[in-house]
Amino acid sequence: MNSLKSQGFAPVVSDLKKDGSTWTVKEKIMLGLSPKEYWAVQLRNPFNWLLWAIYAIGLPILVGRFIFGLGWVTHSSYDYPWGLFLGWGLFVMVPLSASGFMMGTTVELFGRKDFKPIERLGLLNGLLGYTFAVMFLQVDLGQPWRLIYPMFVSLGPAAVLFLVAWHVATYLSCQVAELVPAFSEWMGFPKAKKFIKSIVLGLTVAGIILSTLHQGALGALFTYAPGKVHPLWYSSPFQWLHFFVSAVFAGLSMLIVVSTLTKWFMRWRCDENYLNNLSKLTLGLAKGASLALITYLVIKIIGIAHDNNWAYLLTGWGAWFMFEMVVGVILPLIFYTMAVRNSNASLARFAAFMAVFGLALNRLNTALISFNWQLYQELPHWREVVIVVTVYATYIVVYRAVLARMPILYTWKEKK
Amino acid sequence: MKKLNRRSFLKGGLAGGAAIAAVGTSKQAVAGTHNFGGYPDSMGVLVDLTKCVGCRTCEAACNKEQALPTPDKPFDDPSVFEERREGGLPRRTTEKAYTVVQKYDVPGREHPLFRKVQCNHCNEPACLTSCFVNAYKKTPEGAVIYDKTVCVGCRTCMIACPFYIPAYSYSSAINPVVKKCIMCYDTRLKFGRPPACVEACPQEVMTFGKRKDLLKLAHQRISEKPDKYVDQVYGENEVGGTAWLYMSDVPFDKIGYDNHLGTQPIISYVKEFLAMVPMVLTIWPALFTGFHLLSNRKDALKNDDNKS
Ligand code: SF4
Ligand code: SF4
Ligand code: SF4
């Protein structure tokens with residue numbers, strides 16, 4: 001598409017075509033190309049070939065999971081009831097999607113209108129991340145069709161997971177609402193947008209509350225298993241705080257990562273306003289992320305001191321823990337700080353990739369790698385890996401499809 | 001009944017959170033360090049490990065009572081004791097066996113020591129407090145039972161159980177459920193009868209009775225034969241106490257028992273977080289709306305400056 005645009009192709013950015021007639025929804029979906037052109041573009045893209053390969057292998061296995069049960073795709077371990085589906089799909093996806101509530105807070109609550117160009121990307125990253133976290137959950141649940149049981153059929157309100165379920169569900173609807181403006185512009189329903197505008201403050205405050213609680217709750221889930229998680233990744237009084245604070249830098253860093261990817265691969269869809277502001281905004285996000293990182297580092301150290309876990313640092317687990325901290329926290333912190341000081345957006349982007357990696361490593365370490373450290377290590381079944389890759393590929397496909405169409409990276413031109 | 005307080009307090013807090021109408025949810029304070037001691041007249045089983053000969057009769061009885069599938073090897077085959085699962089660990093409870101007997105060769109002991117493993121029916125069970133659909137119930141008789149019609153299959157209970165007890169029928173695609181010992185609740189305990197495994201044991205390893213009486217009995221036996229038994233009744237205080245209690249002549253940590261579980265019920269480790277929930281629900285809205293007003297005021301002032 002980038003090359004198409006350089007040849008003079010103009011993507012849809014308003015209700016009206018150049019000649020004054022309006023785009024139909026079908027044309028909007030086809031990005032303003034004729035069907036023939038559209039499919040030709042799809043076929044030319046080598047990334048799509050990769051996706052087809054993933055689906056060719058992944059879809060049959062995904063279907064198989066629902067026919068043959070979890071035992072067919074996972075190691076069906078009694079000692080490791082949670083595997084990659086939750087380790088990756090829930091514990092990594094959710095903090096990386098914290099950008100939604102943070103952009104809402106920055107723009108709507110703190111009135112930082114200068115972050116507007118990137119606000120919708122932050123909201124979309126949040127919405128899709130949560131949606132797919134629920135997808136992963138659906139693959140993992142023994143009886144996915146009972147997903148609503150904790151909401152309406154049989155309530156266990158004293159359980160932390162109950163909190164996660166309720167909060168993720170309400171927060172999802174919050175996020176859908178926050179993205180209604182983009183959708184309504186694209187579809188041409190101005191009323192919906194107006195309505196959301198009138199309640200946006202309430203939505204944002206709700207978003208903050210729900211996010212604080214469910215991001216923290218994901219950490220609190222592990223406090224049910226003292227002794228099963230290695231002490232370096234476990235701290236009963238601080239676990240929720242560790243998860244919450246790391247979600248802050250993770251969400252901001254992920255937003256830098258996706259904005260960088262759009263700049264590289266979807267430049268045709270970005271407008272001047274977005275592209276010209278991106279470096280400045282990246283540095284703004286970097287500043288926020290570095291503050292969260294330093295906070296995280298300090299409370300991490302407090303956590304170790306509080307439980308007096310210093311001795312563990314000298315073991316093999318300690319070396320692995322130090323690797324996570326240095327590569328995933330300390331180095332990104334240093335790079336972010338340097339980037340902000342020298343106004344070097346490229347360095348901030350590099351730091352963001354590291355911080356995202358560090359977050360993922362932390363959650364996988366807590367949920368899988370250091371879990372049952374006194375028993376034995378468990379490697380995920382290859383089918384489990386294939387399914388995770390397939391669902392994640394779908395996440396990317398949907399992400400890309402929305403970005404290509406709705407006014408996220410560009411501003412919709414309203415009728416005069 | 002501080003425990004009920006905590007539960008109902010949470011109910012209020014969470015309903016508020018769901019509606020985001022979070023005012024006045026912090027009226028009831030979170031329960032302190034008080035532990036739920038179990039129902040006063042709950043039943044239990046005292047297992048004297050020194051008497052067990054590893055005949056596996058209890059396994060067979062449980063299999064029959066609970067209508068479990070026939071195992072690969074017959075119940076009189078001692079070769080199962082040598083089976084090792086991953087990590088070199090002895091076999092454990094599975095979806096096909098609610099109880100298994102393990103063998104431990106203890107240096108210096110004349111005969112190997114056998115240990116029967118099944119759900120310990122905790123006083124304040126981690127499986128129960130972690131389940132978000134309330135599938136578990138601690139009955140006044142002492143059993144921890146499970147309702148398979150509401151289980152969603154999230155398997156948090158398996159994460160939470162400190163004894164690694166619940167197993168899961170992963171092989172079923174349409175109705176996978178948690179599988180664990182239910183103390184023969186439906187068929188026996190409810191009617192005051194001892195569990196099948198207890199009754200079947202030819203060595204009378206297990207004593208069925210009121211938990212508080214069993215504790216007295218255990219300590220009495222220990223004080224009568226202090227040279228024979230180690231001075232610990234496993235399950236008396238572990239994770240807040242369990243209905244199944246154990247006596248041994250070998251230190252418990254040498255025969256697969258975890259002596260680091262502490263005396264707090266698992267839920268108490270989650271307390272800090274649960275205490276924070278109503279705080280966030282009440283303080284955050286005011287705090288952040290305040291921030292918003294402040295930042296708007298800044299804008300307003302700026303505009304004034306520009307005008308003048
Ligand atoms: S032993 Fe495990 S499964 Fe049994 S009651 Fe206790 S926590 Fe629940
Ligand atoms: S697996 Fe079932 S019983 Fe266990 S916590 Fe989840 S819903 Fe409750
Ligand atoms: S109490 Fe009943 S269910 Fe539990 S192990 Fe014994 S026979 Fe099996």
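Glycine residues also receive a Cβ, built from the backbone N, Cα and C atoms like all the rest.
Look at TrEMBL and you will find A:49-73 (among others) tagged as transmembrane segment.
Taken from TrEMBL, the feature transmembrane segment covers A:85-110 (among others).
Among the features that TrEMBL reports, transmembrane segment is placed at A:122-141 (among others).
The transmembrane segment annotation in TrEMBL covers A:147-174 (among others).
Among the features that TrEMBL reports, transmembrane segment is placed at A:195-220 (among others).
What TrEMBL records for A:240-261 (among others) is transmembrane segment.
Residues annotated as transmembrane segment in TrEMBL: A:281-305 (among others).
According to TrEMBL, the feature transmembrane segment maps to A:317-338 (among others).
Residues or ranges marked as transmembrane segment in TrEMBL: A:350-373 (among others). Here the transmembrane segment (A:350-373) has Cβ contacts under 8 Å with residues 79-80, 82-84, 86-88, 91-92, 95-96, 222, 225, 228-230, 232-234, 246, 249-250, 252-254, 256-257, 260, 285-286, 289, 293, 317, 320-321, 324, 327-329, 331-333, 335-336, 339, 380 of the same chain, all six or more residues outside its ends.
The feature transmembrane segment is assigned by TrEMBL to A:385-403 (among others). Within the chain, the transmembrane segment (A:385-403) has long-range Cβ neighbours (under 8 A, six or more residues past its boundaries) at 51, 54-55, 57-59, 61-62, 65, 73, 84-85, 88-89, 124, 128-129, 132, 135-136, 139, 258, 262, 266, 269, 409.
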Any contact, the transmembrane segment (A:85-110) to the transmembrane segment (A:240-261), with at least 3 Cβ pairs under 8 A
yes
If we call contact 3 or more Cβ pairs under 8 Å (sequence gap 6 or more), are the transmembrane segment (A:122-141) and the transmembrane segment (A:240-261) touching?
yes
Restricting to the same chain and to residues at least six past its boundaries, which positions have a Cβ under 8 Å from a Cβ of the transmembrane segment (A:317-338)?
230, 232-233, 249, 253, 286-287, 289-290, 293-294, 296-297, 300, 344, 347-348, 350-352, 354-355, 357-359, 361-362, 365, 369-370, 373
